[in-house]
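Right, one structure below, let's go through it.
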Amino acid sequence: MITKRFLLQQYGTTVRTEITAGVVSFVTVVYIVAVNASILADAGIPYEAGVIATALAACFGSLLVGLWANSPLIIVPGMGINALFSYTVVQGMRLPWPEALAAVFVSGLIVSALAFTPLIKQLAATIPDSLKHAIGAGVGLFLAFIGLQKGGIVVPGSSSIVALGDFGSAHTLLTLATLAVTLALYVRGVPGNLLIGIAAGTGLAAITGQLAWESAGTGLSLAAYGSVFGAMSFSGLPSIVFWTAVFSFALVVLFESIGLIDAQLRLIGQPEKATRSLQAGAISVAASGVLGTSPTVTAVESAAGISSGGRTGLTAVTAGVLFACAVPLGPVMRLIPDSAIAPVLILIGGLMLQGVKDIPFDDLSEWLPAFLIVAGIPLTSSIVDGMGLGFVAFPILKLAAGKRREISPVFVTIAALFVLNFALPFI
């Protein structure tokens, strides 16, 4: 039955291979449960509730893409877009987290509607590749900076914006030690390196007496999650700020989903599964708002399962089931200190910078807007504002360079929306 349901013979694979690939994918990406919960906590969502919401969103998304698209991709709450949720939308734009969850839900509905039409790929095609790469790099720098702050490596400076932290403090030393271990594991290509790094960092904190044992619960608190599940508030629906958040979520989801899904499925010669995979991903975004977490995306770590032979949806379904099993681990994950989380943010942030190499630095009308995004996101501590700087500059520079044909009406509309967002505080 399983063989027929997932067309295993057609794709030249077996139940054992697919399940093994699913386990590999899960072990590679399960770190997201603790890391995402930590970032959601900065938005005001209780940590344990964030653990449950993250695990359930990953479970739902992976099961959906496996069953609907028969695709080996894994869907989880995304790194980068979770920073957009907590630090830009909630902290920066002052949108309460229930309203931010509603914005996630609405953006998911919009992307879902587009995903069932050819418009979604046409919309994504209007955004220049240079700006797409810049957004990833800028978000990466932002994540790395957050990691450096959480780890005590950088602190607010007395005579400058930031300064080096106290390298004599136990917290900072633990962060540096965990970062060294995590980097070594990553360079060696050890499977599940980020998860092992988090475990090692937590172990070091326990050995040195820096672990807050009292923070661990005695059992799974469904009451904490009950205050988050379905807690969306649409009271901000009439406000421009709410729709700016919706627009931002939708834009980032579009960029990340289309690019990753297309690239990973082409690696295994299955581009025909891209449309259904994209539809599953879009529906998962809407579900994220209901479940109480930031938007989901296709995990880059899906490549680990694919490299292990995963070719069908059975890989994704296996990972989804394992994510469901992670739900009861909330009380244990509360023990994980910032010194174990920070190195993961720093490493992932650094990896996201790789897109910079694909920016055409021989064309000023391309690289300058990209630079404004890369620099603007971390320096303004706002993904939306950083994106806006580049999106507004792009058509201006293209017109100045006599390259009017490279600007589409859709892009001009997006740039105009960013101008409106900048002007709102002064209206």
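Each residue, glycine too, has its Cβ placed from N, Cα and C.
What you see is a predicted model, and the numbers here were worked out from it, not measured in a lab.
Residues or ranges marked as transmembrane segment by TrEMBL: 21-41 (among others).
Annotation source TrEMBL lists transmembrane segment at 47-67 (among others). Within its own chain, the transmembrane segment (47-67) is flanked in space by residues 29, 32-34, 36-38, 40-41, 73-77, 217, 220-221, 224-225, 227-229, 277, 280-281, 283-284, 287-288, 291-293, 296, 298, 312-317, 319-321, 323-324, 326-327, 329-331, 333-334, which lie at least six positions past its ends and keep a Cβ under 8 Å from the stretch.
For 74-94 (among others), the entry in TrEMBL reads transmembrane segment.
Under the heading transmembrane segment, TrEMBL lists 100-119 (among others).
Residues annotated as transmembrane segment in TrEMBL: 131-148 (among others). Same-chain residues lying 6+ beyond the ends of the transmembrane segment (131-148) with a Cβ under 8 Å from its Cβ atoms: 39, 79-80, 83-84, 87, 154, 252, 255, 259, 341-346, 348-356, 358-359, 369-371, 373-378, 381, 383, 386-387, 390-391, 394.
Here TrEMBL flags 194-213 (among others) as transmembrane segment.
The annotation transmembrane segment is assigned in TrEMBL to 240-261 (among others).
Residues or ranges marked as transmembrane segment in TrEMBL: 282-300 (among others). For the transmembrane segment (282-300), the list of distant contacts is 25, 29, 32, 36, 39-40, 45, 49-50, 52-54, 56-58, 60-61, 64-65, 73-78, 81-82, 84-86, 101-109, 111-112, 114-115, 225, 228-232, 249, 252-253, 256-257, 260-261, 264: same-chain residues at least six beyond its ends, Cβ to Cβ under 8 Å.
Taken from TrEMBL, the feature transmembrane segment applies to 312-332 (among others).
The feature transmembrane segment is assigned by TrEMBL to 339-356 (among others).
Within the chain carrying the transmembrane segment (368-397), a Cβ under 8 angstroms from the stretch's Cβ atoms is held by residues 80, 83-84, 87-89, 92-93, 128, 130-131, 133-135, 137-139, 141-142, 145, 244, 248, 251-252, 356, 359, 407, 411-412, 414-415, 418-419, 421-422, all 6 or more beyond its ends. Positions annotated as transmembrane segment by TrEMBL: 368-397 (among others).
Tertiary proximity for the transmembrane segment (409-426) is limited to same-chain residues at least six positions away from its ends with a CB under 8 Å from its CB atoms, namely 123, 126-128, 240-241, 244, 247, 251, 384-385, 387-388, 391-392, 394-395. Here TrEMBL flags 409-426 (among others) as transmembrane segment.
Counting Cβ pairs closer than 8 Å and at least 6 residues apart in sequence, the transmembrane segment (100-119) and the transmembrane segment (21-41) reach fewer than three and form no contact.
Long-range neighbours of the transmembrane segment (194-213) within the same chain, counting only residues 6 or more positions beyond its ends whose Cβ lies under 8 Å from a Cβ of the stretch, are 27-28, 30-31, 34-35, 170-171, 174-175, 177-178, 181-182, 185-186, 335-337, 339-341, 343-344, 347-348.
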